[in-house]
Every structure is written in C-alpha cells, then in structure tokens.
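Presented below is the structure to which this report refers.
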Amino acid sequence: MNETTDYGASNTGANEESLRMVSSQPIGNEPASDEELRPHVLGGFIGQPRLKAQLQLFLDAARKRDVPPDHILLAGPPGLGKTTLAMIVANELEVPIRVTSGPAVQHAGDLASILSSLDTGEVLFIDEIHRLPRAAEELLYIAMEDFRVDVMVGKGPGASSIPLTLPRFTVIGATTREGMLPSPLRARFGFTAHLDFYPHDELQKLIERSANVLGVNLGDGSARELALRSRGTPRIANRLLRRVRDWAIVHDLIEVRSDDVKEALALYQIDSEGLDRLDIAVLDAIVRNFNGGPVGLNNLAAMVGEESETVETVCEPYLVREGFLIRTPKGRVATEKAWRHLGITPRDDVSKPF
C-alpha cells in the first residue's frame, strides 16, 4: 500500500485539550509514532466487532465484483481508530491511499487537483471531512457520484467550465461531527460506520498487543490498570503505555507491575477513573465551593481558572458520560459518584449517577 499525505493546514494549534495526557486528540508527533502500532489487516484490528464484520462483508463483496467499493464514512469520537481503518481498507484492497484533511483543503481547486491525480481504484482519505469549505463540498458531491469534476478555464465573463472525467475511486471520510455534514454529502456514502468507545476488556487486549510491539513486559493486572485510565480510547491507551514504558526504562524494570502503572501515572496526576488535574478541579469546585451545584458554566470556569469553552468542551463530555456530572437548566450538578470519588460524604439529596 502506497500512502501519500497532504495535511497542509490541518494543524489547529496547541490548546488546553491537546496538552492533556488524557486528550483524545493527537499530541506532538503521535501520528508518526502511532504507525508502528497500527494493524495492517482487518483481522488485526482489536475492538468494534460489529463494525469489523460489516466492513469485512463490504470489502469481500467489492473484491468479488472486481470493482472499487462504495464510498465509506467513518464517524465517531477522536482517537478510536478511524484513520487506522482507512489504512486497513486500502491495504486489504491492495491499492494506494491518498491522505488529506478538511482544513488542508482551503479552496475547491485544491480538492480538484487531488481528485484529478487519482488512479483507478485509489482510496482518497479525507480526515475531518466536516471541515471542508462549502465550495469543495459541492465539487466533491459531483466527483463522488458522477466521477467527474468541472474545471474552469479562463477568467471573467469569458470563463468556461470543462468536465474532466475521473477514474473510479473510493472516498473514505472521517468525522467526529457527523451532524455537521450536509445531507447531500452524507448521501454519497454507500457505507457509514460508527465507532464506539471501547469497553475495558477490549482496551486491555489492545494494550497487550501494543505492549508486545513496543517491547514492554506487562505483569498481571498492568494492562487492566492502563485500560481503566484510558477513557475507552485507544489513542489515550497507547499514549499512557508509552509513559509507563518511560517509567520502566528509567527505573530499570524487567517487568511492569500494576503498582508501577499506578505510580507512573500518578506522576501525571491521572487517577484510577482516568480523571486528570483539570477534571478533579472541576468536580472539587462544584462540591466544595458550590455545595454540589447547580452552578453556572461561567462561574465554574472562573473558579478553576479556565475558559468556559475549555470546561464545556474538554472536561464535561467525559465527566457526564461517566456519571460524575449532570447538566441541568440551572447549571452543573455533581453526582453522588463525584462526591465519593473526592472522598467526601454526599448530601442526602445528591443525585445518583444515571
């Protein structure tokens, strides 16, 4: 499988989320370092069993018909393996893959240039496809359905459009915000796959595989401790595994025990539930300063010294999903689970996690 990457302007800059150890967004050179951990065939991809079965059937049918498969949309939270699956599809089909992203395509002409250079059967992977400019989206509609692009020749009133026929290819789009895709674009995808957060047992298997690739000797219970702290996200699991590997190297450990995992990740202020310093600060402020809530977002953000957007988009989704926090019309409320996690006896009227 040949891979061509054109990310261009896809770097959105450092922010609070990208600096956290438990961020589901890539940090630093992680996209490159993740390459050694990526499986190359669908059978080696751990987790998402229903999706894998659907995708295997989809690819097998395309191979038997001897035609490029329909376009594929991979939707789900960041860090779950959308890029890896795109690479696997191209590898299974034994065709090259061209890689770009929504932010990298600044003009429709950028996308037209990529499309016009594709060969028959080639895969075009567009990460963050929901961030394509509107003009590029409209060009992509036609290319995906009719396999042609209209090239503008000349300028001003004398300009004319010349249709350029394209070879049959497959677009794989990845998005963390499927709802932001316009309906005409969604309709062009013949197969849509939704990736879910990983349960602890599947994440544990993934960590054991990654540890074997990285040469980390995990003792009994160590992979489980890592899985518990990884927020159901393979990208986070692999990142934490690397930090534990650093710990093992520095301390000359032959085997990494579960206590070593706890001690190593405590250094980064990551607790047994995968909560970090900022998560704990948010819960602590609600419980101690606002008696469990409700508290408005702006007041809460001011109390922890962060922007309101950071609290709302970086901290709250995981806290709500894991039952530590409830959003109400009156504000944020800490659940009984949050109180007990902080080691504080909850009030009698405190909400239980849903």
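Using N, Cα and C of the backbone, Cβ positions are placed for all residues, glycine too.
Residues annotated as ATP binding site in Swiss-Prot, with sequence analysis given as evidence: L37, R38, G79, K82, T83, T84, E145, D146, F147, R188, Y198, R235.
Taken from Swiss-Prot, the feature Mg(2+) binding site covers T83.
Under a cutoff of 8 A between CB atoms, and with a sequence separation of 6+ in the same chain, the neighbours of R332 (DNA binding site) are I286, G293, P294, V295, G296, L297, L300, E316, L325, I326. Among the features that Swiss-Prot reports, DNA binding site is placed at R327, R332.
Annotation comment: Swiss-Prot describes 1-27 as compositional bias 'Polar residues'.
Annotated region 'Disordered' per Swiss-Prot: 1-35, in sequence order.
For the region 'Large ATPase domain (RuvB-L)' (4-198), the model's average pLDDT works out to 84. The region 'Large ATPase domain (RuvB-L)' annotation in Swiss-Prot covers 4-198 and rests on sequence analysis.
Per Swiss-Prot, the feature region 'Small ATPAse domain (RuvB-S)' maps to 199-269; the stated evidence is sequence analysis.
The annotation region 'Head domain (RuvB-H)' is assigned in Swiss-Prot to 272-354.
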Pairwise C-alpha maximum, in angstrom, for the residues (L37, R38, G79, K82, T83, T84, E145, D146, F147, R188, Y198, R235) that bind ATP according to the record: 37
Under 8 Å by Cβ from R327 (DNA binding site), counting only residues of that chain that are 6 or more apart: E316, V320, V333
Per-residue Cβ crowding (10 Å cut-off), top of binding-site residues F147, Y198: Y198
For G79 (ATP binding site), the three-state class that DSSP assigns: coil
